[in-house]
Amino acid sequence: MVTATHSQSSVGRLRHLARQYAALTKPRVTQLAVFCAIIGMFLATPGMVPWSVLIGGAAGIWLLAGAAFAINCLVEQKIDALMRRTAWRPSATGEITTTQTLIFSAVLGGAGMWLLHVFANDLTMWLTFATFLGYAVVYTILLKPATPQNIVIGGLSGAMPPALGWSAVSGTVPAEAWFLVLIIFTWTPPHFWALALYRRADYAKSGLPMLPITHGERYTLLHILLYTLIMIAATLLPFVYGMSGYIYLVAALGLGLVFLGYAWKLYRNYSDGLAQRTFRYSILYLSLLFAVLLVDHYFKFVPQV
């Protein structure tokens, strides 16, 4: 009886520890990044993506993204401890030590590099490693504590997944892949600044120079509106370039107009609740936009003239 209880207790501790390590990888953010990478894989070929590339490539990108987020948690552990939104993270509470986090990140990164080398190609491996450095070092260490434009300048690393997926299949990164990167790059500021606005009290504690803290609410709202317009323009590039048809065009315009409606309402009559709804919609927006792009890829509709 004692042995069984001890065994159950050990299993419970292991499960808790596994959840804590998983939390370091920011699973929700990683899922969206890998989803966009997988869409990039399918858009790179008119047929089916080879299963080995699909599974091995996606896993490799997932692991390297998780490694980058773990380093982010490590670097920002003291900042996270000050913020209500992030104080629970195991790096902030000290439940997982600095050494353990470094080892965990190294294992994830090494495994991800190996998977991409074996199941994708070296171009994808090195591009993903460069993305890891861009997020973990350039954004987290250099840009985020230095400038309120951190999310704009550092947004390239977060926008890379479609190009990584594309290169995993084709071994190249053509203009079409960069259109997808540009969409996410222009989507990132209004997405993140909506969060920063309704969490501005938290960010004020952190000491980080976030735009709502350094330039105020009104300035940030204007930038959300302007970047939303730029983002909508960027989403039209796949249609203009001929890589998508009318199914995507209609969806891109419809989804974009809803996003613009949120941005305009925020600018006219701000509330934390509306900013939170805008942030949540932005995640749904990107997911639906890329999903429709995939549907359009296989069922492209272009009316005959």
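Every residue gets a Cβ built from N, Cα and C, even glycine.
Bear in mind that the values here come from a model prediction, so they are computed numbers and not experimental data.
What Swiss-Prot records for this protein:
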type	residues	note
TRANSMEM	29-49	transmembrane segment
TRANSMEM	51-71	transmembrane segment
TRANSMEM	101-121	transmembrane segment
TRANSMEM	123-143	transmembrane segment
TRANSMEM	151-171	transmembrane segment
TRANSMEM	177-197	transmembrane segment
TRANSMEM	221-241	transmembrane segment
TRANSMEM	244-264	transmembrane segment
TRANSMEM	283-303	transmembrane segment
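Of the recorded ranges 101-121, 123-143, 151-171, 244-264, 283-303, the transmembrane segment (51-71) has the largest number of C-beta contacts under 8 angstroms with 101-121. Taking every recorded stretch in 123-143, 151-171, 177-197, 221-241, 283-303 and counting its Cβ pairs under 8 Å to the transmembrane segment (29-49), the highest total belongs to 151-171. Here the transmembrane segment (244-264) has long-range neighbours at 190, 224-225, 228-229, 231-232, 235-236, 238, 274, 277-278, 281-282, 285, 288-289, 292-293, 295-297, 299-303, meaning same-chain residues at least 6 beyond its ends whose C-beta is under 8 angstroms from one of its own.
Remote same-chain partners of the transmembrane segment (123-143), defined as residues 6 or more beyond its termini with a Cβ less than 8 Å from a stretch Cβ, comprise 57, 60-61, 64-65, 67-69, 71-72, 75-76, 109, 112-113, 116-117, 149-150, 153-154, 156-158, 160, 163-164, 167-168, 171-173.
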